[in-house]
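Annotated features, as they stand in Swiss-Prot:
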- G80, N111: anthranilate 1 binding site (BINDING)
- G80, 83-84, S88, 90-93, 108-116, S120: 5-phospho-alpha-D-ribose 1-diphosphate binding site (BINDING)
- S92, E225: Mg(2+) 1 binding site (BINDING)
- R166: anthranilate 2 binding site (BINDING)
- D224, E225: Mg(2+) 2 binding site (BINDING)
Amino acid sequence: MMQHLFEKLFRAESMSQEESQQLFAAIVRGELEPSQLAAVLISMKVRGETPAEIAGAAQALLADAQHFPRPDYLFADIVGTGGDGTNSINISTASAFVAASCGVKVAKHGNRSVSSRSGSSDLLAAFGIRLDMSAEQSRLALDDLGVCFLFAPQYHTGFRHAMPVRQQLKTRTLFNVLGPLINPARPPLALIGVYSPELVLPIAQTLKVLGYQRAAVVHGGGMDEVAIHAPTQVAELNNGSIESYQLTPEDFGLNRYPLAALQGGMPEENRDILARLLQGKGETAHAAAVAANVALLLKLYGQENLRHNAQQALEMIHSGQAFDRVTALAARG
């Protein structure tokens, strides 16, 4: 079976969703030789992965994931692929705490850094938040605090089989876009940032195949976030239909700031930057960046007015309430 799929890929043909699921199920079980895995990933990359192939791979990884007790209530993920090369502060991580303060639930799936000096997990560890919280403890945090973090390596042990090949290839592959699609809590809503504008629509189409209820995929001026220095490309999935549009900082009622204003640092520096921000004492550019991302996330919950949402987020940031959730989550260690 595998040989048939290899030959198909080497003829630059696309796999069906089912074929991709079979192939990636074998990959996470460690059944491919490193040379076979490298050949598969590169042949898919050169041709361009289809939404059906990405969805099949995501389904294989979700089927292999450790169990998380999925809640009945609405909850979301806010996550980027990373790898945008901008080394910005952890906007999506800060946004998760602010969104929870605004009254919505966020189960954030994260990992250590891809391109910035500090990924979401690096930052959380710097705040004293345990990365190895059990699924049950994380679910309780989601219930009580409105926010929890699910550390990818804890739930996706099969990823390790691909790691040596990925490190040797030193190029982006399908695995770089899979992270945001394989949240073990299986959220019905998601705001997903991607490192390239070419990925915005294909990833939205993938989310449709995966059965998300409502989601937005974004790329803003080189960043895997909603941008405040440039227009943001959006593909929004809403009950099976996808709408593509552009957003500017002005659509949120926010000022523009240069990308340099969002420069991040090492985990400890980022921790200090975000601690000040979430206590209401941060830079105005940082607050605006988080407010824009929270505003779009709130839209997925049916709060359609982006200006109102951004204002609500800014009020939460200035009140310092978001930081209370950071300390409360750290206290659960």
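Glycine is treated like the rest: Cβ placed from N, Cα and C.
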For the binding-site residues listed here (S88, S92, N111), which one has the lowest count of neighbouring CB atoms within 10 Å of its own CB? N111
Between G80 (anthranilate 1 binding site) and D224 (Mg(2+) 2 binding site), find the distance joining the two CA atoms and give it rounded to the nearest Å. 6
According to DSSP, which kind of secondary structure is N111 (anthranilate 1 binding site) found in, if we only use helix, strand and coil? coil
Please give me the binding-site residues out of N111, R166, E225 that lie within 10 Å of S92 (5-phospho-alpha-D-ribose 1-diphosphate binding site), comparing Cα atoms only. E225
When DSSP is mapped onto helix/strand/coil, what comes out for D224 (Mg(2+) 2 binding site)? coil
Counting other Cβ atoms within 10 Å of each Cβ, which of the binding-site residues H109, R166 scores lowest? R166
Simplified DSSP label at S88 (5-phospho-alpha-D-ribose 1-diphosphate binding site) comes out strand
E225 (Mg(2+) 1 binding site): tally of other CB atoms within 10 A of its CB: 28
